[in-house]
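A short worksheet on the structure shown next.
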């Protein structure tokens, strides 16, 4: 009876919760090990954490301007499409679907399962198969919720954002108390030159940027935001500053309590911290961290489904995925599409290999998106954006992203080469299927299958454009 389209239900508070909930996830609880391992010293690892925060702010500000210039949802995909063209945007979509997003979701899911089971098996490590089973159950619960209701998933994100901040506070406060009492022995020789591994710094940045990743999430749901011209920049600035401060204090707390070998040997740094700082927190911290990961999974599914939805609407993905459930008003087919790939990667993957695997492609295309902002400014000087950043911010961010991507080939050639191969494999697909008109022998079966799935899932095309 009523028009079917995605409603504007994301207020400023929900936008802030989406950003906080996406950034504070598994990263701050698993990445300290990766940053320390690839930087080699406590001092340099803290420098990397701060540099990643500044770099994230530069990227977030650039995306905030893109969000006021380009009024469609879709995040990286739509920004690359509108500024650099159809081929780069399809290559991003191809890499995002087959490498970036399933690997990212698998990393967060595995962290969720690991922390959820930690209290039940301590002091032993939880069984690998049990971790993977719990990881998949958590992911499937989030899939079901996002298929059922936009409002419920938004309310869950807001509630879990409070839990995330509480988890950080329970690490920061004890650590700062011990630091104030003079426990600074772990910061002696913080920049020990003998342990520096400069050739691995790109991987340290990947681990740090993974922890901050999520500052771009509002760009995926731009059409569902209330007053996006005002709320996108405001939510981005406040949330990124909050996370930078929280992450720096959290890492200082880790190093106040744990020695470098403890951090490197720990499969769950936050749990090791709780065991040594306050034994009463040993069972509380893992549960809070697992809920934090749960919120990050929710934010990731919520936003990536909008990328597939927009790509389908733009004609670069099968038409079924631009359809909306007639009663729930959720992009049901797009939400459910990641189910098989994430399941596969959780079953066969390892957190740190997956992390390097998808980081190459992610930061390559984020760098291209901010390059697109520079191109868009040059092509459309007449556009008066409601939010504009100094030009050196997108230029600096783009150069650092592309330089880090190039250096990572030397740091981890195997995983990076696999990621590069997946990106390049999109070229023949684009020219054979997307660039050319599909022949009737393929078009007719596709339409038939789409029609049958449309009836089964009770979904229809969006009736009005809200952008």
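Yeah, the Cβs are placed from backbone N, Cα and C, and that goes for glycine too.
Note that TrEMBL annotation is computational and uncurated.
Per TrEMBL, the features are as follows:
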TRANSMEM  12-30  transmembrane segment
TRANSMEM  42-64  transmembrane segment
TRANSMEM  76-100  transmembrane segment
TRANSMEM  120-142  transmembrane segment
TRANSMEM  162-183  transmembrane segment
TRANSMEM  203-220  transmembrane segment
TRANSMEM  232-250  transmembrane segment
TRANSMEM  287-311  transmembrane segment
TRANSMEM  332-354  transmembrane segment
TRANSMEM  360-379  transmembrane segment
TRANSMEM  391-410  transmembrane segment
TRANSMEM  416-434  transmembrane segment
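Contact count against the transmembrane segment (76-100) (Cβ pairs under 8 Å) is highest for 360-379, out of 12-30, 232-250, 360-379. For the transmembrane segment (203-220), the residues of the chain that approach it from at least six positions outside its boundaries are 10, 15, 18-19, 21-23, 25, 27-28, 31, 34-35, 37-39, 45, 48-49, 51-53, 55-57, 59-60, 63, 66-67, 73-76, 78-79, 104, 107, 228, 231-232, 235-236, 239-240, 243, 247, 296, 299, 303-304, 306-307, 355-356, 359, 362-363, 366, 404, 408, 411-412, judged by C-beta separation under 8 angstroms.
By the Cβ criterion (distance under 8 Å, sequence gap of 6 or more), the transmembrane segment (360-379) is counted as touching the transmembrane segment (416-434), at least 3 such pairs being found. A contact links the transmembrane segment (232-250) to the transmembrane segment (42-64), because at least 3 Cβ pairs that are 6 or more residues apart lie under 8 A. Pairs of Cβ atoms less than 8 Å apart link the transmembrane segment (42-64) most often to 391-410, out of 120-142, 162-183, 391-410, 416-434. Comparison of 120-142, 162-183, 391-410 by number of C-beta pairs under 8 angstroms to the transmembrane segment (416-434) places 391-410 first. Proximity of distant same-chain residues to the transmembrane segment (391-410), defined by a Cβ-Cβ separation under 8 Å and at least 6 residues beyond the stretch ends, is recorded for 55, 58-59, 61-62, 65, 199, 201-203, 205-206, 356, 359-360, 363-364, 366-368, 370-371, 373-374, 377, 416-417, 420.
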